[in-house]
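Single-structure report; data block below.
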Amino acid sequence: SSPRTSTYEPIDYPLPEEKHPEKGNISTRRSKLRVASVETLHVSDLAKTFLTGPLATGFFPTIYSLVFLVSVPLNTVAFVVFTCRIRQKKSVVVYMSQLALADLLFGLLLPLKVHYYARGSDWVFGEAACRVFTTAFYGYMNLSVLLVMCMSVDRMLAVAYPFVSLFWRKPWIAALVCAGAWILAMVGTIPLLTMQQTMKISQVGTTCHDVLHPEDPQYLILFSTISCLFFFLPLVITMACYTVILLTLRPQNSFQGALASSSLSRKRRKRAMVTVCAVDGEFVVCLCASNVILLCHCLAARMDGKTRGRDGCTRPNSWLCVLGSVSAALNPLLLLNASALLSADSRISIALNLI
């Protein structure tokens with residue numbers, strides 16, 4: 001009978017201790033897991049088909065290439081506009097410029113993804129490069145989520161408390177918040193530098209981050225923490241802020257009713273509400289599903305090898321993580337659209353337009 005296998009994204013592989021059973025304590029078995037990359041692992045035919053099939057070698061490189069071609073020039077333009085072209089630096093401009101920079105750096109990593117998958121999931125740059133690449137990949141993605149959350153809080157304060165929040169929306173405070181977001185995003189992914197990321201697979205090559213050791217509890221702890229800290233908590237805060245924004249944009253008193261009476265005000269309100277819905281939709285579609293399935297997959301990877309849910313999460317987790325990278329191409333479109341609202345001179349007008 002074939003050996004029992006364990007799964008982590010996105011394939012099954014035989015457990016080293018089952019293939020070469022030896023007695024020893026837990027630390028001994030874990031030390032073997034750490035050096036597994038020097039051994040060739042034999043995976044199932046289904047796993048080989050996935051790693052070298054059209055989904056991995058065709059679909060993934062195509063999506064990453066399109067995101068790269070769209071996100072890099074657009075985020076470059078957005079970063080230049082928010083950094084150099086807009087003279088009056090407001091807090092939201094600081095957040096927008098940093099989000100554009102994060103998405104730009106994230107987009108510059110994608111050619112390595114294209115090269116990796118186009119070669120049939122074969123990483124040729126070594127273990128150290130894979131660790132740095134994986135850390136940066138997750139770091140910039142987490143940073144984007146944190147900055148979107150910061151922008152939602154800033155917009156909520158501008159709309160609901162336009163005068164009370166003047167001090168907290170100063171550019172230098174926004175700069176400090178952005179610095180904290182950068183530090184938190186990078187520190188949160190540093191543990192990836194200490195974990196083995198490459199694995200040599202028979203008849204495939206060397207994978208990068210696609211095959212990990214599920215029996216090491218560090219992976220479960222790390223990715224569960226990443227999902228909770230860098231997605232679910234920001235998701236709750238972002239949704240709460242945009243709910244307040246949508247409720248506030250509805251005319252509720254004579255002052256707002258007078259502002260809403262003009263055609264220009266109605267157009268700006270409509271545009272603002274469309275922008276809010278677009279940001280919410282991007283957040284949920286591009287990031288929600290991938291993080292939910294990633295968390296479920298990590299939990300399933302700790303269960304018995306006969307668990308069906310583990311195999312069921314394999315492919316969705318892979319392509320939904322690809323979908324998560326699409327946000328790098330959508331963010332600059334939303335940012336450049338919102339930047340047009342910065343031309344207003346009145347702080348009240350700016351607040352009503354989410355700025």
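Any Cβ shown, glycine's included, is placed from N, Cα and C.
Heads up, TrEMBL stuff is auto-annotated, nobody curated it.
Of the listed residues Cys208, Cys228, Cys241, Cys277, Cys208 is the one TrEMBL pairs with Cys130, by disulfide bond.
Non-local contacts of Cys130 (disulfide bond) by the CB criterion (under 8 A, 6+ apart in sequence, same chain) comprise Trp123, Gln197, Thr198, Cys208, His209. Around Cys208 (disulfide bond), a 10 Å sphere centred on its CB holds 25 further CB atoms from the protein chains shown. At the 8 Å Cβ threshold, with sequence separation of at least 6, the transmembrane segment (219-249) comes into contact with the transmembrane segment (132-151) through 3 or more pairs. With a cut-off of 8 Å between Cβ atoms, the residues of this chain six or more beyond the transmembrane segment (172-193) that come close are 91-92, 94-95, 98, 131-132, 134-135, 138-140, 142-143, 146-147, 150, 154, 218, 222, 225-226, 229-230. In the three-state DSSP scheme, Cys130 (disulfide bond) is classed as helix.
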